[in-house]
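As recorded in TrEMBL:
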type     : residues                                                                     : note
REGION   : 1-408                                                                        : region 'N-terminal catalytic PFK domain 1'
DOMAIN   : 18-199                                                                       : domain 'Phosphofructokinase'
BINDING  : G25, R88, C89, G118, D119, G120, S121                                        : ATP binding site
BINDING  : D119                                                                         : Mg(2+) binding site
BINDING  : S164, I165, D166, R219, M226, G227, R228, E282, R310, H316, V317, Q318, R319 : substrate binding site
ACT_SITE : D166                                                                         : active site, proton acceptor
DOMAIN   : 217-341                                                                      : domain 'Phosphofructokinase'
REGION   : 419-796                                                                      : region 'C-terminal regulatory PFK domain 2'
DOMAIN   : 419-703                                                                      : domain 'Phosphofructokinase'
BINDING  : R488, 545-549, R583, 590-592, E646, R672, 678-681, R752                      : beta-D-fructose 2,6-bisphosphate binding site
Amino acid sequence: MSNHPPTDPTKMGIGRSIAVLTSGGDAQGMNAAVRATVRVGLYTGAKVYFVHEGYQGLVDGGENIRPATWESVSMMLQLGGTVIGSARCQDFRVREGRMKAACNLVKLGITNLCVIGGDGSLTGANQFRTEWSGLLADLVRAGKITQEEAKKSSHLNIVGMVGSIDNDFCGTDMTIGTDSALHRIIEVVDAITTTAQSLTDLYYQNFALKDKSIFFHQRTFILEVMGRHCGYLALVTALACGADWVFIPEMPPDDGWEEHLCRRLADQRARGSRLNVIIVAEGAMSRAGKPISSEDIKKLVTDRLGFDTRTTILGHVQRGGTPSAFDRILGSRMGVEAVMALLEATPDTPACVVSLSGNQAVRLPLMECVQVTKDVTAAMAEGKYDEAIKLRGKSFENNWNTYKLLAHINPPDVKSNINMAILNIGAPCAGMNAAVRAAVRMGLIQGHTMLAVHDGFDGLAHGQVEPINWTAVSGWTGKGGSMLGTKRTLPAEILEEISQNIAKFNIHALVIIGGFEAYVGGLQLVQAREKYEEMCIPMVVIPATVSNNVPGSDFSIGADTALNTITSTCDRIKQSAAGTKRRVFIVETMGGYCGYLATMAGLAAGADAAYIYEDKFNIKDLEVNVQHLLQKMKTTVKRGLILRNENCNANYTTDFIFNLYSEEGKGVFDCRKNVLGHMQQGGTPTPFDRNFGTKMGTKSVLWLTDKLKECYRHGRIFANTQDSACVLGMKKRSLTFQPLAELNGETDFEHRIPKTQWWLKIRPIMKILAKYNIKLDTSEHADMEHVIKKRTPLTK
C-alpha cells in the first residue's frame with residue numbers, strides 16, 4: 001500500500017469508457033464483480049458497457065456491446081453464474097477475430113477493458129493489449145477506422161479479475177467462485193455423512209458392543225470433485241470434513257500407496273470409525289503419470305478390504321447455486337479495485353490482475369501470475385511435487401501441511417507427559433468444534449494427554465475435566481455450536497478454584513477458544529500469575545465469535561457462518577418483495593457493539609444502509625437515507641434494505657428507525673422489520689470456518705508445544721513472560737501470535753471491540769454501490785506487487 005495525492009474519484013472517469021466481460025467457465029460471484037465494476041465505473045463519471053457472451057461478443061459486436069446503467073445490475077448479487085453470458089471463443093484466438101474486436105471497441109471509444117475469467121481468458125486479454133497498436137494500424141490501412149479514431153484510442157488498458165472455481169491461478173489466495181464451490185461440496189459431504197455419523201452417536205450412547213460390525217452398517221465414501229490441474233477444492237474439502245485420504249494432482253501419492261491407503265482405512269475401522277471418506281480431485285494421478293479415478297479406488301477398497309464402498313462424482317453441481325457471502329464481497333471489492341487500476345493505468349503500466357492476499361486488495365502483473373501458474377504445471381510434469389505446492393502459494397502450502405499433520409501420523413507410543421486442556425468460553429458459534437478437534441488430534445500426535453474442560457471457566461473451577469481421545473472428536477468439524485459446552489463466566493471471581501484444579505489435574509497448558517470473554521478471561525489469568533503460581537503456564541486464546549470483535553485478529557471463527565446466514569436471509573427477504581414492489585426492509589443483526597456483521601452483510605446483500613456503533617450517525621443522516629430511498633422508488637428498482645447493528649445507538653432503536661421510515665415513506669413505500677436473533681449463532685459451519693478452525697487449532701498446539709520446551713526448568717514448567725500467553729489471530733496476510741498484555745492497550749473494554757478495525761475502510765464501498773455520492777479515499781491504494789518465484793532448473 002502506498003499514499004498518492006488524493007484525486008477526486010467522482011471525476012476520474014469523465015471522458016473515459018470501460019467495457020466489462022466474463023469469459024471461460026462461469027463461477028459464482030462473477031455477477032458481484034460485474035455489478036461493482038459497472039456501478040463504480042459510473043460513479044467515477046465513466047461510460048460503462050456490457051460485453052455479452054465473452055470474447056465472442058467482443059468479436060461479433062453490435063447488440064453484444066451495450067451501455068450498462070445503474071439499474072441494469074440490480075438484483076444480480078445473489079445470482080450464480082454470469083448474467084452477461086460467457087463463451088469459449090475460437091474467433092478471438094486468430095488475429096482476424098482480434099481485429100474485428102479492436103474495430104468494435106474503437107468505434108465506441110472504449111479503451112479500458114475489464115476481463116473476469118481464468119488464466120486462458122486473461123492471457124488472451126494481454127495478447128490483445130500487446131497487439132493493439134498493430135491491429136489499429138491494420139484497421140486504418142484497410143479503411144475500417146480513420147486515423148483520427150486510431151489516435152483517440154491509441155492505447156488499451158486491461159485489468160483482470162480471476163473467476164474460477166478451481167482456485168488454480170497463482171498470486172491470489174482465492175479466486176472468485178472457489179468459496180461457493182466449497183459450499184456446494186460440503187453440503188453434499190454433510191448429506192452423505194450424516195446418516196453414518198448419527199448411527200455412530202447412537203452406538204456410543206447406547207451400546208458397548210465389542211464387534212460393532214455385527215450391529216451397524218459400515219461404509220467408505222469416495223467423493224470426486226473438480227480440479228483437473230489444481231487440487232485446492234479437494235484439499236480444503238478433505239480438511240473441512242476430516243477425510244481419511246485426499247488425492248491431488250500437485251502431490252501424487254508415493255509408490256505403494258495402495259497398501260498404505262488400505263492400512264489406514266483398516267486402522268480407522270479398528271479404532272471404531274464406521275465411516276471412511278476419501279476425496280479425489282478429477283486430475284489426480286500416480287507418480288508414473290497414470291490417472292487415479294474414483295472407480296479405481298473403489299475397486300481397490302472393495303477387492304482388498306471388502307468394505308461397502310460408494311462413489312459420488314459431483315460434476316457441475318459445484319458451479320451452481322447462489323454465491324457465498326465471501327464471493328460476493330470478494331467480487332465487489334475486486335470490482336472497485338479493477339476500476340481504480342484501469343483509470344490510474346498509464347501506457348507503461350503492465351496489464352494487471354486485482355486479487356486478494358489475506359484481507360488486502362493487491363494488484364499483480366498479469367503475465368507474472370500466468371507464468372507462475374504455468375510453472376506449477378511444469379514442476380508437476382518434472383516430478384518436482386514439493387516445488388509445485390510451494391509455487392501454488394502460501395495458502396495452499398499451509399493447507400497441505402495442516403492436512404499432512406492431521407491425517408498422516410499415528411499418535412506416538414512414547415508419551416510427552418504433558419497435559420493440555422481445551423475449553424470453550426462465551427456464546428457458542430459454528431467452527432468451535434473444528435478448532436477443538438484439530439487441537440485434540442494435534443496434541444495426541446505430539447504425545448500429549450489432551451483434557452476436555454466442559455462449560456468454560458465454570459467447568460475448570462468445578463473440576464469438569466476429563467481426558468479426550470482421537471475417536472471422541474470424529475465428525476466434529478461439521479457440527480455447529482459447542483460440543484464441550486460453554487459459559488460466559490469470567491475467571492476473576494473463581495481464581496482460587498481454577499488454580500486448585502490446574503494443580504489437581506496437572507494442567508501444563510491451556511487452549512481457550514471463544515469470543516471477547518475468552519480474551520478478557522485470558523487477560524485475567526495472566527494478571528493472576530502474580531498471586532497464583534499455577535497460572536504460570538503457557539496459554540493461547542483462539543478467537544471464535546460471530547461478532548468478530550476480538551483484538552489481535554482480523555477474523556474470528558464463526559463470523560463467516562453468521563455472515564452467510566444473514567446474507568441468505570436478506571436474499572429471501574428481498575425476494576419476498578419481488579411481486580409487491582415499493583417495500584423497504586429493516587433488518588437487525590447481532591454483533592454487540594461491533595458493526596462487522598452489519599457492514600459485511602450490507603455489502604454481500606446489497607443493502608442501502610447499515611447502521612453501526614463505530615460509524616456515528618444522527619437524525620440528519622437518517623433523513624438523507626430516507627430521501628435516498630424515496631428517490632430510488634422512482635427508478636425501476638423498488639426495493640430497499642436497511643441493516644442495523646443491535647447496539648448501534650441506544651435511542652435510534654430498530655423500532656424507532658422502522659417508525660421513522662414508515663412515516664416518511666407514507667404513500668411511496670411501506671416498511672417491514674425483521675430481528676434475526678439467535679439464528680445467527682446456529683447452523684453448520686461454512687467451509688471457511690471449518691478450515692480456519694482446523695488451522696487455528698493445529699497451530700495453537702504446535703506453538704504451545706514449543707513454548708513448553710522453552711518454559712521447562714528444573715523439572716517443572718514455569719511461564720510468566722508476556723509472550724507465553726497470546727492471542728492467535730489472522731493479521732493481514734498471516735496467522736500471528738500476539739501477547740494478551742500487549743493487546744490490552746488496543747482494546748475498548750467498555751464496548752468490547754478493538755480500537756482499530758480493518759473492515760471500516762470497506763464501508764465507503766457499500767455506500768457507493770448503493771448510489772451515495774460520497775468521496776472514496778484514493779490516497780491509499782494497492783500498488784503493483786510481484787509474484788515471480790524462481791524455479792530450480794531441472795537437473796539431469
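Using N, Cα and C of the backbone, Cβ positions are placed for all residues, glycine too.
A map of TrEMBL features onto the structure.
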{"residue": "G25", "record": "ATP binding site", "Cβ within 10 Å": "21"}
{"residue": "D119", "record": "ATP binding site", "Cβ within 10 Å": "22"}
{"residue": "G120", "record": "ATP binding site", "Cβ within 10 Å": "15"}
{"residue": "S121", "record": "ATP binding site", "Cβ within 10 Å": "25"}
{"residue": "S164", "record": "substrate binding site", "Cβ within 10 Å": "25"}
{"residue": "D166", "record": "substrate binding site", "Cβ within 10 Å": "25"}
{"residue": "R310", "record": "substrate binding site", "Cβ within 10 Å": "12"}
{"residue": "R488", "record": "beta-D-fructose 2,6-bisphosphate binding site", "Cβ within 10 Å": "15"}
{"residue": "R583", "record": "beta-D-fructose 2,6-bisphosphate binding site", "Cβ within 10 Å": "20"}
{"residue": "H678", "record": "beta-D-fructose 2,6-bisphosphate binding site", "Cβ within 10 Å": "10"}
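Sequence-ordered, the extra residues of this chain that approach the ATP site, with Cβ no more than 8 Å from the Cβ center of G25, R88, C89, G118, D119, G120, S121, are S23, G24, G117, G124.
If you draw a 10 Å sphere around the CB of C89 (ATP binding site), it holds 21 other CB atoms from the protein chains shown. The Cα atom of Q681 (beta-D-fructose 2,6-bisphosphate binding site) lies nearest to that of R319, taking the binding-site residues G25, G120, M226, R319 as the candidates. With helix defined as DSSP H, G or I and strand as E or B, the domain 'Phosphofructokinase' (217-341) counts 58 helix, 27 strand, 40 coil. For G118 (ATP binding site), the nearest of the binding-site residues S164, R228, G592 in terms of C-alpha separation is S164.
Within 10 Å of the Cβ of G118 (ATP binding site) there are 22 other Cβ atoms, across all protein chains.
Cα proximity to G25 (ATP binding site) (within 10 Å) is found for the following binding-site residues from S164, M226, R228, R310: S164. Among the residues the record lists as binding ATP, namely G25, R88, C89, G118, D119, G120, S121, the two farthest apart have Cα atoms separated by 14 Å. Rounded to the nearest whole angstrom, the C-alpha distance between R310 (substrate binding site) and S547 (beta-D-fructose 2,6-bisphosphate binding site) is 40. Counting in whole angstrom, S164 (substrate binding site) lies 9 from D119 (ATP binding site) by their C-alpha atoms. Taking the Cβ of M226 (substrate binding site) as centre and 10 Å as the limit, one finds 24 other Cβ atoms among all the protein chains shown. If you measure from the Cα atom of S547 (beta-D-fructose 2,6-bisphosphate binding site) to that of R88 (ATP binding site), you get 43 Å.
Set side by side, the binding-site residues S547, Q681 differ in how many other CB atoms lie within 10 angstroms of their CB, and the most is found at S547.
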